[in-house]
Each structure stands twice: as structure tokens, then as C-alpha cells.
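Annotated features in TrEMBL:
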type	residues	note
DOMAIN	B:714-778	domain 'CBS'
REGION	B:1-32	region 'Disordered'
TRANSMEM	B:87-113	transmembrane segment
TRANSMEM	B:133-159	transmembrane segment
TRANSMEM	B:284-303	transmembrane segment
TRANSMEM	B:336-356	transmembrane segment
TRANSMEM	B:376-397	transmembrane segment
TRANSMEM	B:458-491	transmembrane segment
TRANSMEM	B:544-561	transmembrane segment
There are 2 protein chains.
Amino acid sequence: MVEEQTQLAGPERNYMEGQQADEEQGNPENNSLHRPLLKRNLTLSSSPLALVGAKVSHIESLDYEINENDLFKQDWRSRSRVQVLQYIFLKWLLAFLVGLLTGVIATLINLAIENIAGYKLLVVANYIEKESYLAGFIYFTTANFLLTLVASVLCVCFAPTAAGPGIPEIKAYLNGVDTPNMFGATTLMVKIVGSIGAVSAGLDLGKEGPLVHIGACLASLLGQGGPDNYRIKWRWLRYFNNDRDRRDLITCGSSSGVCAAFRSPVGGVLFALEEVATWWRSALLWRTFFSTAVVVVVLRLSMEYCKSGSCGLFGQGGLILFDVSDVSLRYHVVDIIPVALIGVIGGVLGSLYNYLLHKILRLYNLINEKGKLHKLLLSLTVSLFTSACLYGLPFLASCTPCDPSLQEACPTTGRVGNFKQFNCPSGHYNDLATLLHTTNDDAVRNIFSTNTPTEFQYFSLTIFFALYCILGLFTFGIAVPSGLFLPIILMGSAYGRMLGIAMGDYTKIDQGLYAVLGAASLMAGSMRMTVSLCVIFLELTNNLLLLPITMFVLLIAKTVGDCFNPSIYEIILDLKGLPFLDAHPEPWMRNITVGELADVKPPVVTLRGIEKVGRIVDVLRNTTHNGFPVVDDREVPVGRQAIGERELHGLVLRAHLVLLLKKKWFLQERRKTEEWEVREKFTSIDLAERSVKLEEVGVTKNEMEMYVDLHPLTNTTAYTVVETMSVAKALVLFREVGLRHMLVLPKFQGSGVSPVVGILTRQDLRAHNILSAFPHLEKAKGSKKGQ
Amino acid sequence: MVEEQTQLAGPERNYMEGQQADEEQGNPENNSLHRPLLKRNLTLSSSPLALVGAKVSHIESLDYEINENDLFKQDWRSRSRVQVLQYIFLKWLLAFLVGLLTGVIATLINLAIENIAGYKLLVVANYIEKESYLAGFIYFTTANFLLTLVASVLCVCFAPTAAGPGIPEIKAYLNGVDTPNMFGATTLMVKIVGSIGAVSAGLDLGKEGPLVHIGACLASLLGQGGPDNYRIKWRWLRYFNNDRDRRDLITCGSSSGVCAAFRSPVGGVLFALEEVATWWRSALLWRTFFSTAVVVVVLRLSMEYCKSGSCGLFGQGGLILFDVSDVSLRYHVVDIIPVALIGVIGGVLGSLYNYLLHKILRLYNLINEKGKLHKLLLSLTVSLFTSACLYGLPFLASCTPCDPSLQEACPTTGRVGNFKQFNCPSGHYNDLATLLHTTNDDAVRNIFSTNTPTEFQYFSLTIFFALYCILGLFTFGIAVPSGLFLPIILMGSAYGRMLGIAMGDYTKIDQGLYAVLGAASLMAGSMRMTVSLCVIFLELTNNLLLLPITMFVLLIAKTVGDCFNPSIYEIILDLKGLPFLDAHPEPWMRNITVGELADVKPPVVTLRGIEKVGRIVDVLRNTTHNGFPVVDDREVPVGRQAIGERELHGLVLRAHLVLLLKKKWFLQERRKTEEWEVREKFTSIDLAERSVKLEEVGVTKNEMEMYVDLHPLTNTTAYTVVETMSVAKALVLFREVGLRHMLVLPKFQGSGVSPVVGILTRQDLRAHNILSAFPHLEKAKGSKKGQ
């Protein structure tokens, strides 16, 4: 056996080929690596590459499973009560800090946007008052152009992952997919500044999605003690140097983000629960709730402080708020019809939006892939188009005389208000300018306004709706931080209000309420959430009497939308190539076993319990797998003779092997090590380190001939399935327990049979990949659906 | 081999012994059953008996795992698209019906209680007005006595499981523990009538817990098509004849119940999610939300209808409602101190309540176990004591002159109102009578009332608090349907309001709000829920500005409470002996493997793929296990000779074996059957049937010698673990995937080694049972905690 392995020197030969391989493969029958690599059957391998921010990244899976090797057990046993209390204290402290910082940053973002956009709009209003329309246009367009330029340059050059909402990537992270550079300090800074720039530039995007990403970034950075290069080496933090605790923190962070975006603590928790998180437990629910509570307190305090006028143009603004707690609501049976209608329209339009956005994002991906300049040009083109429309379209609307019975000032003085004078004579207002010559938040507030049944004309609303449909589709994919919530709310509220006008005297529901219901229906139709949206709208509107009617709309819109296509987040996840695992196996997965799946994969690469250094280096260089089964030899008595058999010891991670090589913990002879020997060399803190790269490790030729005892680093309790298990059930196990590798055992382990048939990873269990290897299942798929 | 098995005739010998056995045991080495039964090591076996409603019941686990045998696969393949649509349609129809019926029944219960208790109280008030205090007392006591008698007799004689709240049993059901007779038609009827009786009798209990149980009963009955003996044989319903779909329905039912109790649709969903359910997924969230939406609509419609006065004394009452949407709230920094104080007090008192209730319930169990008469007497004693206190204590309070500036009538005319005259002269009211001479719901409404700072005196509140502390502890365990919510709300609101008075001018928070916060804090301190309680209180108070302050109180109270003891539901679950599996493994479970666990159990009983009828009968009679591994013989070539080896085929359920015997599907010779043969005899509908008993099956002596092919009925994809897996990880798998049996495979399957080392069930994985078999782990447990 030893001779066979010495042949394996010179490993660089197949290096590149190994890089392109799927996550696990190998050869249990003979120990030569080269042959299987050459005859590799690629049917089931799908490349672990994802398109994130239009940049192809190599993605890895996360280790949510507890790696129960000897070192872990040792560490576990030695943990004192004080250390456990430290851990618990720190868990809560971090949850508090996540809430606090998210709240503070959300306030700062709001403050910046309100002031930048506010002064910009005031200057433009002055130009228009002086009837210097062209100067106004140039000023408006230039300001927007520059702001977009800042946001876009930052995104393109420094942090491509900061573009877009970030929610799909967070969703994937919590599912176990680690998109690189998603939660770094650079991403965070670019996201904050970029979001301020993009929103101030008047683009059709919101700060809600970015805030969720900011919350998650903060959580990740806090958990690891700072940016990658300047980490605090606080000893307490070592407990958080694992994927499980980081997952919990990021869940807290994303709920805090939603909470900060909508001032909705319960809605934030539910959003994380319903849309973002894959695993959930009661303890986390509580901790998340604590974080959002902190966010709300921070927001309240800062708004209280800003009321005194010390925040420039901030005032009360910056947070969408549609307070209808004073509006009295009554339900009549006749109201069901328009409300149901809104729901149906929301479902249809929402799925249509998903469909069209999918097409446009594919087109944009083609453009973005061409290079940084193309990305920049695309963003700037959209900015110019947006500015032109926002500035020019209000001229199409006719002026409306002010209703003297209104209490509000008309035309509006100052920046915020419902009745912009624009180009109209005094005593008149331009209703389209009210919606377009303002920040998006104010536009929402204006279109949501109650007791103003005659304010908006049908024609203006139609233009507004058409404009935001176009902008909503073409703005989302550009290289700036953008959210999906606000564009959808703007579109939805427009058709809601239009429907309200169309209904006329049929119902007594306020037009502002129609706008709210329209926004809710389009969100449900596109994002397919129910409970969390319901609570968010509840907390936005501050009127519990709205609850039943909102529920009704959301249920209808989601049902209708589900008939056509999946939710927008699922579409984006798919488009980005992130291997997200769904909760439910496809029905046809019952007709295929994990054994069949393992068969079409290249044979698995196993390591011996006590392995030669040379072979480990070889295996690491020639494969890209992140886990290798460790197999032990043992003598089994059969009758009177003893047969050499191999039995499975466990699974060892690539990161640990690299660490082992780096620490040069080699043995001269083939022997088992004692526990104290290992403990001298490794701590469980070392094991959590993942940043060491194979290229950094130098192994001399002499060392290549030495041995390594893998037993102490091997996870002896890896989850296993027997090869006859159906893929459907294996998938349930994989996803529910949160695995990275799943070992497939043979049904019968006789002599000569390998103790491991294969390793399955996330990629192998994805429906798409299985179908491409087993096309006959496609037919079965076509004929039925559901459960 | 055949000879060995014929010895097994005469199986009655060990029958009783088998009955007392744990769920799985047996003997893989030799096929004789008798020896292992005699030398059984009882260290790891814990009896699968639970004390439910103070009656010892034999409990079973539920099959949440999909039983993938040949028949299931066949059925699965043959399901047409239409059938899948039928299934989906029915799923939603049932969710609708659950909501509808829960809403209707909740209305009826409220209607009955308000009218019965209302007329009772009116008559008593008349007696008091005429100063015939003794006659009033006799009337009051007799009425309460009779109402309690009705509730208690029903519970004791017809449905012992209807006593208590039912929430712990529902929680256990959703965790996979099937408590017998929990969801039957009798239980439902007794629960409805008993709840009306008990609440009308003025006992210190609510209808909230029972409503949750009623919702769950309705869901279960609807899912199975009616009561056990009169089921509708609708073909569509066959899809719901499995534990998984029933679980989903019961989740819907329990949320509907909470929603009906508090008119809180989102709170209902969250309650089910946070407290009741073990497994959860997005699709279920949505369906549950639909059910609660239906409940709210039904409640609204019925209240609308009753406003016209056609519901007797019902009026607006019957649903706790503390609408403070009109109260303006401001936070000051100083308010944090009293609010934090409420939280701390709530946590301390809540855990104290849990502790004392535990003691008293143990005492009550001793009494209740003595027989039906003792149960009845206990209930009636509590009723008499309650009546005496409620009637007599108000005489201790002094009369307060009415404040003429109040808008409300003083003293109150009619039944509902804040200022009961009782024994006072005209123009005065008795504040304690306001709280005690009324229904519990009205008492809550009165103590929650806002803008009434001088209404209640400190002395009266102290009496009220002391009384309800005593009643709250001694009422819960009696044999009537009772909830925990209301007693806790009453206690909590009392000390909250007392604190409010004590604070005096320190803060400007309304006393009614103090009462609400007190109630919330005690609930969090005892039940340890956060998000769902927060939303329930939000929906009760209808004021979103209360949200941050409520969150604050709940978080503090739960944190403080968690320092002392587990939540009240966990205590009750433990007391009832229900084998609930927690989400998190204990830390010491990492130090023990499933192999060690399987070793201390009696050897596993395996069946052959083609087995003799006689042996099956024997095994079924001699064991109480519900699942048996099926092992096949196979020839394995070792060198030049072939060795007979045994390999695992899968797991067959007891219910299916009994069915097989009942259908007499026997073979003359030892052979494999064809698929069509099986299909002729069985459908997957048959397989779902669990009600056939072994005693009903008659097998002749001739038939005993025949054979049965178990392959088509065997679940070939049972979840397995290797014996080296730690118990902690096995528990995660067991609980996350929702298993009933977990097969333990040997690490190495050589010749002569059994292919199955053991079967683990829920009972084997419970911390308590493991600790009793491995006492040395206890020390490890003592030294650390947490994670």
C-alpha cells in the first residue's frame, strides 16, 4: 500500500482539472488519483460558481454541523461554567450591539438622504419658481448624475457584492451557502455610502433592502471582532468563530435591518423568520426580538432628538409612515369586491413583474459581465433617464386649483407637503410634481395620504404608474445598492389609488387606504410573503382595524401569484447561481436513491487514518473537495483466517488538513498519537481558522515521506445514509440538520466492499443537477406536481 | 431455522411481560424470543405511560416520517394530477373549515357564558339590593356549585382528557407523542360544555386554553372525516389519513383557538409557532394565517350581529379587550424604572407561581388518582371556596363615593360596568365588588380600565391579588376544562395596578396600562413566551405605541424567570409524563454514543424478509414494539467459499403486520411476491388504518405454518445512524426530521455481525432515561450547562 502511494508525487499535473471539479469525488477501489480524474463523469457535477454582483465567485458551503472530533470533545469537556456564562453574556451583548449599530446607521442614512435630496429639490424648486426651467433641469440632472456616479463607482470598483439588495445572498447564507465578500467591512461601507448616493439621486430604489444587508454585515463583523485585517483578539470572541453562531447573529442582523427600514420590530422578526431564515428555533426568536426592540428604541430617540430641528431637513421624514390610526374604518359586505380585485391585480401584476424583471436581469447580466465601464455606463444611463422623466413629466399634468377647505397649506411651502406648486400659478398645484419632485419616501407618504379624494387626477396617476413600472424594471439590476420594497410599494400604491378613483362612490374606503392595499397586494404578488408583510403593514399604518382587510388582500395576491411563478427572491437566487436548498423535496426524488446519485459521481477520495504526508498534499492539490472520508484498516476473522477489511472512521475537512500541513505535525513512523500530543499542538481555536491556503504551505521532500495521524481531527460522527435511501428523504435530512457533507454507506459491507459509497453535497441534491444527470425523471416531474 | 421457529407456539406465556416492555427490544443472535425477554435489562427502558387527566394512558409515538414501502411508491406513482389538486383543494378547505367552526364555537361559548353568568349575577345583585345577603349567598353558591358539578361530572365520567388546558398535550402531539383520546368527539363536546360550565361558575379559570384544545379537536375530527364511529367515507379524505397532514391541521386548529380566545390573528399564528409547534415551515405559516383570518371574520360578524341586542346579555362582552388606542402615550426616561420593576416582579412571581403550581399539581395528582369521587369532591370544594370568597370579600371593602366628573354611570346600572353598588348606599360604589361580582372577562376589563386613577383602593387590590393568587394555584388542577391565561392575567394585572398606585406621581403612565404591563410580565414570567405574547397584547390593546414598552417588560420578565425554572408548559408536560423531545441536546449527550445506548437495551427483534406466520404472531404477542427491522439473507463470496450473510432490508410497522395477518395474505411456500399480487390485496388506504387490534385477528394452526413476504410492506428508507454517532447528534436528527424509530447500524458489518445493532425511539433519547441508565453522566451534567 505504501508503494502505491509514493507514486503519487508530482501532483501539479492535474491541478487545474481538479479546480474545475465538483466538490467531492475520488476513488475507493485503487488509491491512484489520476485515473478517476481523467475519466471523470461530469453528469452530476455542477460547478460551485455563483454570479454575485455580476462577478463570478467560487462559493463554499458552511459548516453548520458540529464537527465532533477529539479536539472538539476535549475542548467541550474543559469548558468551565464561567466560560459558558461568558458565551451567553456575549451572545446577548452582540445582539444588543447589532440592534444599536443598525439603528444608528439607519438614522444616519436617513439623515443624509433627507438632507442631500432635500437641498437638491429645494434648489430645483427655486429655479422653477423663477421659471428657469432649463437651468433647473441641468442642475437636477447633474446632481443626480453625480450622486449615481459616486454610488456606482464605489460599487463597481470596491465592492461588487454591495450592489443590489443583498437579501437573496443573506437568505442563501442562512441556508448554508457562503457567498464570498458578502459581509466584509468594505461591503458595509460601500453599501452605506452607495445607498445614500443612490437614494438621494432619485433613482427608483429604496434603502430597505440595503438596510437588511447592512444589519447582516454589522452582525457578521461584530461576531468576528472587526474587519478581516484588523480583528480584535478578544478571547471571549473565540466562541463565535464558527458558522453556527455567525448564522444566528446574521439572522439578528437582518431582522434589525427590516425593523430599521420600516420601524417594525415584530415585522422585522417575522420577515427574517418567513423569508430569510432556513433554520429557526425559539431561543433565536427571542434574541432577534431583543435586537429589533433595541433598533426601535434607537430610532425613536433619534427622531425625538431631530424633532427639535437640529437635523436639517430630516424632521419627521425618512421613514415611510402611513399613520391612519385616526381614520375610522367600517367594513361592508360590498367592500369585499374591490378589495378582492386589488388582491387579484396584485397577484397578476406581481408575477408579471417577476417575469419581466427576470428577463431584464438576464440582459443586464450580459451587459455587466462585459466589464466595469459597461456597468458604470448602464447605471448612469438609467440615472439620466430617471432624471429626465422625473423633471419633465410633471409638465404634462394640468394645474389643479387648491381646495380652500383643506387645512394643509396649498400650494406647499417648504420641501415636504402634498401640494407642490411647480409650474402652476399661485393657488394651484401640480399633482404629478407632488409625486415626482420629491424623495421616494415622501412620494409614498403623499400617495398614501388620506382624506384627499380629489387631490390626484386619474391622468397623473396613470403617468406615475407607467413611469414607475418602467423604472422599477430597469433600475433594479444596476450596480448600486438597491432595495425591492420601495419600487414595488410605489407601483402598487399607484394602481391601488387609481382603482380607488375608478370605484368612485361604490365603496367608502378611503383612497389612501386603496393605495396601501395596492402596495401590499403587489408586494405579496411579487415577494410572496404573508404574515410578515401583514405585520409590517400593520406597524406602518398603526391601525389594527386594517388587519383583516390586509390579510384578505395578501392571501389573494399570494395565491394568484403562486399560480404563475416563484417569488422574486427565488428568481434572483436562481439567477445568481446560488445553490439554495428548498425545504421540500420534489415528488420525483422519491424514485431515485442516493446510491444511484453517488454512482454517477466520480468515485470518492478517501484517506487512511494514518496517512502519508505526500498523499495528503497530493489529494489536496488534485481535488477541490472540502471533506474526505477517513478509512481505517482492520483485521476481521472470517472462519479461521483473518481478512483485511476497511472501516469508516469519519470525515476530515480540507481546512483541517491544510492546518495540519501548516503546523507540520508529522510523525516519523506509522503510529497512533496520544491525546496530549495533539492538545500540545492544536487548540479548537485553531480549528475554527479557515483562512489558511494550501499555496502558503511548504512541505519538503523529506516531510512528504512522513506520516500524519488524522484520527484526532476526524469528525467521527458525520451523518450517514444507506445507499438505498431515497433522495427525497436524504434531502430532508440534509436540509433539516444543516449538513455540508453526507456520507453514503453501502447497504452491505462485506469484504472488499468500500465502507463509503460516496459523499453527497448541497450541489448533488439540487433538483436541477439531478435532472441533468437523470433526464428520465423529468418526465415524471412533468406529469405531477405539488404535495 | 424452521424448526427453531415452530418451538415458538404458545405465545401467551410472556404476553403480560411483553406489555410492560419498552417500545423496542429483541434478539438478533438467535431467533428465540423467550430468553431475551427474561434476561431483559431494564436500565434504559422507561414505561411509555403518561398521566393525562390523572388517568394513566398508554401512549404511542406518531409516524411523521414518510413510510416509503413498495405500496406507497406504487400509490405515489399512480397519483394523477387531478388527485394532487384534490389534495391541495382539500387542504385549504379544511383550513377554512377549522377557522369557521372554531370561530362559531367560540362565539357560542362566549354567548352561553355571558348569558348564564350574567343572569346569575343579576339575580344576586337583586338579592343584595334587597339586602337579603344570605339568600344571595345561597343562590350564588348553589348556582356555582351546580355549574361546577356539570362541568366536573362530564370531565370525570366521559372525557378525563378534557380537563385542564390541553395545550401541553397539543404541544406533545405536534412533537410526535400521541396521547390517547385527546382529539375525539367526546372530548370536544365535554370541553365545550365543561368550559361553559366552569367559566360561568365563576371559577378562576379562562376559556382561552380550552379554546385552543377545541380548535385542535375540530381540526383532528375534520381531518379524519368525523367522530371515530361515524366517519364520512369521502374518498378525498384518504389523503389526510396520515400523521403528517393531521399534524398540520392541528397546528391550524390551535392557532385558530388562540385567535378566537384573544381576537388576535397574528398572535394566534405566532403562539402556535413559538410555543406549540415543533416543526414549522413557510407553507404552514401561510395556511395557519388563513385559518386565523377566517376566525377573525367570523368573530367580527357575530359581534356585529350581537350589537343589535339579539344575543341577550352578550353585547360586546366575552372577549377580553383593552382598547387603549385613544390613550396618548409618551415615553420619558424616568418611566424605564417602574417598567423594569414590573418586568422583574413578573419574572420572580411567574417562576414562583410555576414552582408552587408544580407542588400543588403533584398533590392534586395524588388525590385525583384515588378515583372519580375524589376528583369530583376536589372540584366542588374549590367551587365552594371560590364562591364564598367572591361573595364575602367585597363586604370587607369600604364604599367609595362616586366621582361626579365621570362620564360613566356610577353606580353601574345593569350588569356590565366599572362601579358596582353592591352593599353601598346610593351614590357610592364598592370597588372590590366591581372586580369580584362579575365574570372574569369583565374583571379584566375593569382592572384594565384607563383614566380611572382613583377607582380602586390599595386595600381592595391587595385582597383581590391575594385571593387570585390562592385561587390561581388551587383551581388549575381540578377536573374541569381550564386555561392558564386568565388566572395569570388577573394576578398580573392586580399587582401591576397596585404598583401603579404605589408609584403615585412619579410617572404619568396610566394605571390601566400598569395593569396591562403587569399581566404581560406575569405571563412572560410563567409561560416564557415573548414575540407571541407581545403581539397578542398588541392586538388586545390596539395601540402600537405600547409595543416598545411591552417588549421591554416581556424581555425582562422572561430573562428573570428563566433564571429559576422552566416554563409552566414544560413543567406540566414533565408532570404528565409525556416524552417531549427538546430541540437542543444536553451538553453531556456528546459524551455518549448511540451504540452504548443500544447496548443497554434488550437486543432488537428482527424479522426475515419472508417470514413464517407463526413467528410474526409470536413476535407481535410477545413484544409491544411498534417497528421491527426486516433482515434478508444473502450469499456473499469470501475467497472461494460463499458465506451466508444477513443484510438490512428496512423497517416494518406493527400496524402493517397486524393488517397483514387480518387480511390473511399468506403464501404456501417461501417465495417473493410480485407487485401485482400485493396491489390486489392492499391499497395504501389500508396501510393508513391503525385501528385493527391483534386480538381481533384469528390465525389457524395451519396458517401458522405458512409464510408471508414482508418486502412490499417494509419501509426501505428508514433513517439510520452508525453506532459511533453521539447521542447529541442522533437526537438532532431524530427531532428535526421527526422520526419514530431510528435504526442503529454497526460500524463494521462483517460476517456474523448483525446488520442492526438496535432501534432507538423517543423514550431512549430522553435525557432523564439516559441518565438513569448512565448515572456517571449526571456529574458531567452538574458541572456545566447552557449552549
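Yeah, the Cβs are placed from backbone N, Cα and C, and that goes for glycine too.
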Winner by Cβ pairs under 8 Å against the transmembrane segment (B:544-561), considering only B:133-159, B:284-303, B:336-356, B:458-491: B:336-356
Within the predicted model, mean pLDDT of the domain 'CBS' (B:714-778): 84
Stretch contact, the transmembrane segment (B:376-397) with the transmembrane segment (B:458-491), Cβ-Cβ under 8 Å, 3+ pairs: yes
In contact by Cβ distance (the transmembrane segment (B:458-491), the transmembrane segment (B:133-159); 3 or more pairs under 8 Å): yes
For the transmembrane segment (B:284-303), distant same-chain residues with Cβ under 8 A (at least six beyond the ends): 91-92, 95-96, 98-100, 102-104, 106-107, 248, 251-253, 255-256, 258-260, 263, 265-266, 268-269, 272-273, 316, 319
The domain 'CBS' (B:714-778), counted residue by residue under DSSP: helix, strand, coil: 25 helix, 14 strand, 26 coil
Beyond the flanks of the transmembrane segment (B:336-356) by 6 or more, those residues with Cβ under 8 Å of it: 472-473, 488, 491-492, 495-496, 499-500, 503, 506-507, 509, 514, 517-518, 520-527, 549, 552-561, 563-568, 571
